Amino acid sequence: MARYVFITGGVVSSLGKGIAAAALAALLQARGYRVRIRKLDPYLNVDPGTMSPYQHGEVFVTDDGAETDLDLGHYERFTGRPANQQDNITTGRIYRNIIEKERRGDYLGATVQVIPHVTDEIKNFVLEGNEDYDFVLCEIGGTVGDIEAMPFLEAIRQLGNELPRGTAVYIHLTLMPYIPAAGELKTKPTQHSVKELRSIGIAPDILLVRADREIPESERRKLSLFCNVRESAVIQALDVATIYDVPIAYHKEGLDSEVLSAFGIDPAPKPRMDRWEEVSHRLHNPEGEVTIAVVGKYTGLKDAYKSLIEALHHGGLANKVKVNLDWIEAEVFESEDPAPYLEKVHGILVPGGFGERGAEGKILAAKFARERKVPYFGICFGMQMACIEAARNLVGIEDASSSEFDPTREPVVGLMTEWLKGNMLEKRAAAGDLGGTMRLGAYEAVLKPDSKIAQIYGSTDIHERHRHRYEVNIDYKDRLEAAGLNFAGMSPDGVLPETVEYADHPWFIGVQYHPELKSRPFEPHPLFASFIEAAIEQSRLV
């Protein structure tokens, strides 16, 4: 039977509950246990698919097409286990499910209430499908005290009573701020956060305390006394250089041992930390460095590109180099010459995005990379802009544009209205809802055997994750290829372009999908590993 770990957060948001959950899962995996992680998000959106990147950060897409919280990306990268639709739930989905049941008459005329109907729906989500796992870690989004989180906290309180004794453990992540004027760390915010949690009926078994400096033993004893947890269960979570140092740091502090002790598992299998130690060693002992320009449109919030950032660092791990990121807002190039920004970098990456803002700047970045022979990696929107650039400047189609921006006469990029998903034909209307109406999830692509990208993958058949409504128009394929832009990858039915590249360029590849979503520190995505390798070659020329 699965054991459950519920992870809550207090004092402030953005403390790193997702990283903590992922790190603990990795530590339990290192001991040979089978682990699943689930995220419970209190917001009323059905999913984050229509939320602004500035509000929510990245939307992480799973193989089965779920648009989920970015924390699921951490879960995948730390554990290697692909997430799915059933690993993320929101208040919006909970209420939608309940309303659908009420309309069908499933409640037999009962008054539908938060307790028991909403809490029961949450509990069903937590408990469903866990037969093959030893541990299920559930991260509760938000902060203790948030109104939106109350039904979720009540649900996990009930589960603590309903599950067999010894199969549920509560971890509370808090902040211990340092006050320079007093010259000391303060325990009071954590005390109040635990008091709030206990008033709900949840007594934390373990405190995971974030701090920017060593927590004195006297302060640990104070937290133990006033928060009613064992002193050994007050675990300090100090700031570290990279997120991949977290599992090692938490293991040294005894987090995994304390969790197993709370479950009464003694003795426990010894952990194998060698691969985490190897990743940490490579990160802290690079044999060189490269600089990659990321020409984006949400650069004000780096969380909007979380998986992309990590995938670039994975590419650095594969090549034993440090990857420095130079963030450039694409709109800058609409009024300034790109050359001063780009001529010293070793590679240019244009990531995905939506809408017209910044599009011309991304087109100019692609033009600079093509003409100057700088390694270029265009992802989703970045591939589309590279095709528009080629259509304008190589084919001579001056009005080449995307129908996403305006009803252009030359829609090199246009709205997809239908595509194959397996043996099923999926259709979308231009006037339909935004939520869940994109080409989402893993799709197959067929690569030309003699293409550069096929050599990088070592295969002509690939499966990658997509998230887009617009696609390069197949009607322009022949003219673009005649100008030198090779359509190296297509959907199996030959209708949807998946990858493009220039044969006469050291490294210029555009992909319609999002390879960053499948990159792992232990298995860097081949495209990112190859891109960083090309950047290393470029660094010798600059």
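A Cβ is built for glycine as well, from the same backbone N, Cα and C atoms used for every other residue.
Features as listed in Swiss-Prot:
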{"type": "REGION", "residues": "1-265", "note": "region 'Amidoligase domain'"}
{"type": "BINDING", "residues": "SER13, LYS186, THR187, LYS188, PRO189, THR190, GLN191, LYS222", "note": "UTP binding site"}
{"type": "BINDING", "residues": "SER13, ASP146, ILE147, GLU148, LYS186, THR187, LYS188, PRO189, THR190, GLN191, LYS222", "note": "CTP binding site"}
{"type": "BINDING", "residues": "SER14, LEU15, GLY16, LYS17, GLY18, ILE19, ASP71", "note": "ATP binding site"}
{"type": "BINDING", "residues": "TYR54, GLY353, PHE381, GLY382, MET383, GLN384, GLU404, ARG469", "note": "L-glutamine binding site"}
{"type": "BINDING", "residues": "ASP71, GLU139", "note": "Mg(2+) binding site"}
{"type": "DOMAIN", "residues": "291-541", "note": "domain 'Glutamine amidotransferase type-1'"}
{"type": "ACT_SITE", "residues": "CYS380", "note": "active site, nucleophile"}
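When the alpha carbons of GLU139 (Mg(2+) binding site) and LYS17 (ATP binding site) are compared, the span between them is 7 angstrom. Across all of the domain 'Glutamine amidotransferase type-1' (291-541), the predicted model scores a mean pLDDT of 91. Between the CA atoms of GLY18 (ATP binding site) and MET383 (L-glutamine binding site) there is a gap of 31 Å, rounded to the nearest whole number. A Cβ within 8 Å of the Cβ centre of SER14, LEU15, GLY16, LYS17, GLY18, ILE19, ASP71, the residues given for ATP, is found for these other residues of the same chain: GLY9, ALA20, ALA21, HIS74, GLU139, LEU173. Each of the binding-site residues GLN191, GLN384 was scored by the number of other CB atoms within 10 A of its CB, and the lowest score belongs to GLN191. Note on proximity: of the binding-site residues SER13, ILE147, THR187, the one nearest PHE381 (L-glutamine binding site) is SER13, by Cα distance.
It is SER13, among the binding-site residues SER13, THR190, whose Cβ has the fewest other Cβ atoms within 10 Å in the structure shown.
Secondary structure at LYS222 (UTP binding site), as computed by DSSP, is helix. Nearest to GLY382 (L-glutamine binding site) in space, judged by Cα atoms and limited to the binding-site residues SER14, LYS17, LYS186, PRO189, THR190, is SER14. Annotation: CYS380 are the recorded positions among ILE147, THR190, CYS380 whose CA atoms are within 10 angstroms of the CA of GLY353 (L-glutamine binding site). Neighbour counts of Cβ atoms within 10 Å were taken for the binding-site residues LYS186, LYS222; the minimum is at LYS186. Counting only the Cα atoms, the space from PRO189 (UTP binding site) to ARG469 (L-glutamine binding site) is about 45 angstrom. The two recorded residues LEU15 (ATP binding site) and LYS222 (UTP binding site) have their Cα atoms spaced 21 Å from each other. Largest CA to CA distance in the CTP binding set (SER13, ASP146, ILE147, GLU148, LYS186, THR187, LYS188, PRO189, THR190, GLN191, LYS222): 31 Å, whole number. Of all the recorded positions in the record (SER13, LYS188, CYS380), the one with the smallest CA separation from ASP71 (ATP binding site) is SER13.
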